[in-house]
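Chemist: Features from Swiss-Prot:
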BINDING   Gln88, Gly106, Glu107, Gly108, Lys109, Thr110, Asp509  ATP binding site
COMPBIAS  816-827  compositional bias 'Polar residues'
REGION    816-868  region 'Disordered'
BINDING   Cys845, Cys847, Cys856, His857  Zn(2+) binding site
Amino acid sequence: MISSVFRKIFGTKNDREVKKYIKRVAQINALEPTYEKMSDDELKIKFNELKAQVVEEKVTLDQILNDVFALVREASKRVLKMRHFDVQLIGGMVLNEGRIAEMKTGEGKTLVATLPVILNAMSGKGVHVVTVNDYLAKRDATQMGELYNFLGLSVDVILSGGYDDEVRQAAYNADITYGTNSEFGFDYLRDNMKFEAGQKVQRGHNFVIVDEVDSILIDEARTPLIISGPTNRTLDGYIRADQVAKQLTRGTPADPNMPGSKPTGDFIVDEKNRTIMITEAGISKAEKLFGVENLYNLENAVLSHHLDQALKAHNLFEKDVHYVVKDGEVVIVDEFTGRLSEGRRFSEGLHQALEAKEGVKIQEESQTLADTTYQNYFRMYKKLAGMTGTAQTEATEFSQIYNLEVISIPTNVPVKRIDQNDLIYKTQNEKFKAVIDEVKKAHEKGQPVLVGTASIERSEVLHEMLKKAGIPHSVLNAKNHEKEAEIIAQAGVKGAVTIATNMAGRGVDIRINDEVRDLGGLYIIGTERHESRRIDNQLRGRAGRQGDPGMSRFYLSLEDNLLRIFGSDRIKAIMDRLGIDEGESIESRMVTRAVENAQKKVESLHFEARKHLLEYDDVANEQRKTIYKYRDELLDKNYDMSEKIAQNRVEYATNLLDTAEIFHGGLKDDYDIKNLCSIILADCGEEIDESELKGLEYNELVEKIAQILEVRYNEKMSVLNEEQRKDIEKILYLQVLDNAWREHLYQMDILKTGIGLRGYNQKDPLVEYKKESYNLFMELVGRLKTESVKTLQIVRFKSREEQEEQARMMLEASQNAENEPLNYNNQGEDENFTPEKKIPRNAPCPCGSGKKYKDCHGKSGPKKGIFA
């Protein structure tokens, strides 16, 4: 009550923040006449003067903000024929301060972004603008690029599909770079797999503006970015598990109100938490079907995991809702946008389980080579900002996870859209009939209608019903997303009826003419409440842009997933009490609030899941940053590894004596010299005379082994000059580091999969995960030291005479081959070629010629062997 009175007197915190910005807007507006009088050239000169002051650090960005915003607005009027409204200036200031600007649909977020983008690009450190798809990235870069270029700033765009380093480097070196969230994230991961600093494409993380920030930082937060490679694991287990899963029967959980009650069936599905529990009866049945004694023995761990995933595939994942089958492949449908996620796969074997379920080719499992999350990627930026039409419902998460404050920007013109109460029916059939009747009424008077659905399946049901009713319409879902912009652009035409999944063309405005305005504007009909209120608000926001009239209403049923799982008991009781007959609906603010409470429950569950994911990834992220920082040190051309290699030899020798138990029972003279020498030969390819090691104390033995290895190593390296030696050491060391990191990620995946079971032992899984992951990381560090010594010792370089002889023989062979017919029948692979042996093209050639690799053995044509 007190807080309510306080708000009425002083306004909300958001109102007070906006008032502060309004004062500054007046100052910017006062500068407008000054800049209007300037010629184009004078504007450019003034901009360059301000830019020089920023580069020389004579002024801060905040000190010149008024001038820059006024200048940019004037330039926009001349170049784009668009003038920034006062509320757009407020939006620009919010973004510049590293906050989220919540701006309604049609308020011109793309134009708003130009203000902070240009201001921050003046430092020359680069600005990234992130969008949800390639179409919007290209469109915005092209349209706004005219303004940027007018002021002498360069702009480029990162698109999916092309991985040419030089093209991407040029794009990132531009003052302003547009692209999608996934491309920025994957480029970061790929950069940390490079073997030369000059091959990296990104140049740092200075300032980023994330468009549709709720979609990227909230909806996509549970989706890790993973670069993976193939494994050699068999796929038969997925087929066996699928066959067994089909023979198990779904049951019901024990009744908590009945003591002694037991679950029925072979497994229980918890739709609320999206988990499956196999009952004791189910375990026994599965063991018989698999032909094993104990399904949960360590030797059957993979089999039990496959069964869990097969049961999830059959009971929690629905075709045309969670995925589609396209061209013989299972393709994920993004639950928040309704778009197909081409190239993305479910992890932990779930995707293979879905492929087995659908009877399509099962693609091999992959192994993680590099990974991160959007949460940790975007938190690397010195300044992070975002804009969207719907952020307030997730303000707590933005604050806790990203330290981002949400500011709601007033609309330029008041919203005239009428949002009606929900209509709730008992069954889906009744609901869909009511929707068709309502669409028919609107269509007959010419009012355009956009019908929103939660899945492809529902959109196709409505499509068939509208077809039977003889109502012409368009359908927009993941199966025909290529026409997305075209279909959405026509949705506001008189008499248009459009069915759309959640994708609903974000970023594409639905414009209406005066005739449609007189008919009441665009009519939004939602056929199901989404788990997130934001998605519903986005659908509503398609109507009523920039003061246009419009209307929205949701049609629900007790059979809808949200109400069925989270909240229908209370609503059903109300409907029964009111005596609602078949075909009748209930419309009540109380019921609408009950639905919103159900949504809040789900949002809370999802928030906890994302927070949980981040807590675990924060552990991995610290390790990731350590490894990537070390990699960067190795890539530095001035970094000399000699001291590090010498230390590692001592570590290797110490570890060798300790793990091989050369000293028995603490007796220093009782060790097996022959065994020790054979281990060193196997590890390092170095033969050591036993007499050199006899009679030595422990410390002397460590020192002697390290010394012998150093002498032998220096002998091999003598055929190379200093620069070549450094390059070879770095390349080989990086290969060892990457292999060790890859193995570490695999071990971390295994650890994460089973760590939840520690909770049954009254231990905090997160604390246990931190302990275990630290131990694994220390093992990685130890393995890196010893494996690097082995790799560097075992490498052999050919002498100049051997190289020349091999080159002569290969040249003769190639000349003979020119006179022989080509044989395409025997298409064997070069089994010796592996990515690890790839030499960077600009590195000195290891042959000792002094030339770059690309100008020597890296040339096309006959290649000389480098590693003997």
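Keep in mind that glycine also has a Cβ here, set from the backbone N, Cα and C atoms.
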Chemist: Using the recorded ATP site (Gln88, Gly106, Glu107, Gly108, Lys109, Thr110, Asp509) as reference, state which further residues of the same chain have their Cβ within 8 Å of the centre of those residues' Cβ atoms, listed in sequence order.
Modeler: Met103, Thr105, Leu111, Val112
Chemist: Rounded to a whole number, what is the top Cα to Cα distance in Å among the residues the record ties to ATP, namely Gln88, Gly106, Glu107, Gly108, Lys109, Thr110, Asp509?
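Modeler: This binding site's residues have a maximal Cα-Cα distance of 17 Å.
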Chemist: Output, ordered by sequence, the same-chain residues six or more apart from Gly106 (ATP binding site) with a CB under 8 Å from its CB, or 'none'.
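Modeler: Non-local contacts for Gly106 (ATP binding site): Asp509, Arg545, Gln546, Asp548.
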Chemist: Please identify, from the binding-site residues Gln88, Thr110, the residue with the sparsest Cβ neighbourhood, meaning fewest other Cβ atoms within 10 angstroms.
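Modeler: Each of the binding-site residues Gln88, Thr110 was scored by Cβ atoms within 10 Å; lowest is Thr110.
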Chemist: Among the binding-site residues listed here, Glu107, Asp509, whose Cβ has the fewest other Cβ atoms inside 10 Å?
Modeler: Asp509
Chemist: Around Gly108 (ATP binding site), how many other C-beta atoms are within 10 angstroms of its C-beta?
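Modeler: There are 18 of them.
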Chemist: Using DSSP with the three-state reduction, classify Gly106 (ATP binding site) as helix, strand or coil.
Modeler: coil
Chemist: Relative to the Cβ of Lys109 (ATP binding site), which residues of the same chain, six or more apart in sequence, are found under 8 Å away?
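Modeler: Listed in sequence order: Gly91, Ala101, Met103, Asp211, Met387, Thr388, Gly389.
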